[in-house]
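Visitor: Can you keep this structure in mind? I'll have questions shortly.
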Amino acid sequence: MKSALFNRSEVLQLWSSVGIATVVISFVLCTYYNVLMCWALYYFFNSFRATFPWQSCNNTWNAVGNCSIGFPGNTTHLHSASQQYFDHRLLEITNGIEEAGGLRWELFGLLILAWVIVYLCIFKGVKSTGKVVYFTATFPYFMLFVLLINNVQLPGAKNGMLYFLKPKWSKLLDVQVWVNAAAQVFNSIGIGFGTMISMASYNKFNNNILRLEMQSPVPL
């Protein structure tokens, strides 16, 4: 007679699908984020020019008559130079879904480069990943500090800082705000990706898991 509880083999088969699901989710998310990384690399390499190409309206990709560097008045039909650079130079978007457009070989090459970078970060497992984390966990804070020093010297910096730091307490009563915050936290922590579980498997057997669970979301 079969027990009401799952036997050992059935439990293992049941949870094996969870592992497959985490791999699929991680691959889908990596595919999405590598496209964003490809765009970032495109801007990175083009930023070494003497003048930034997204700061002017006299380029071949700019639309005639509705490109503007500044917005002094009514700007309903104007697009910024940076927006037109993103739409018409980086993406080369077409006029509609019925126009497929061509393959962007520059972006294709940068996408391959993005995947190569990901491979170099993880090809040795936790050994290479652990070393990469030292850079990825500290460099963004350094860059944010550099941007802060630069931005506080710009005109209107005081108003921008006050707008950013002044809380809107009424938003705490908005349910959608809490839903968006929870979704962002879950996405940042990586629940369902399997990354945290895989990295945690290298901890000591008697490690304080509850303490780590409380510490992990704090930087987020």
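Each residue, glycine too, has its Cβ placed from N, Cα and C.
Unlike curated records, TrEMBL annotations are generated automatically.
Taken from TrEMBL, the feature transmembrane segment applies to 12-45, 107-126, 133-157, 177-202. For Cys57-Cys67, the entry in TrEMBL reads disulfide bond. For Ser188, the entry in TrEMBL reads Na(+) binding site.
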Visitor: Rounded to the nearest angstrom, how far is the Cα of Ser188 (Na(+) binding site) from the Cα of Cys57 (disulfide bond)?
Guide: 37
Visitor: Could you state the whole-number distance in Å separating the C-alpha atoms of Cys67 (disulfide bond) and Ser188 (Na(+) binding site)?
Guide: 36
Visitor: Which sequence positions outside the transmembrane segment (12-45), separated from its termini by at least 6 residues, show Cβ-Cβ distances below 8 Å to it?
Guide: 6, 90, 106-107, 110-111, 113-115, 117-118, 192-195, 197
Visitor: Could you check what DSSP calls Cys67 (disulfide bond) once collapsed to helix, strand or coil?
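Guide: DSSP assigns Cys67 (disulfide bond) to strand.
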Visitor: Would you identify which of the recorded positions Cys57, Ser188 has the most other C-beta atoms lying within 10 angstroms of its C-beta?
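Guide: Neighbour-count leader: Cys57.
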Visitor: Across all chains shown, how many C-beta atoms besides its own are within 10 angstroms of the C-beta of Cys67 (disulfide bond)?
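Guide: The Cβ of Cys67 (disulfide bond) has 20 Cβ neighbours within 10 Å.
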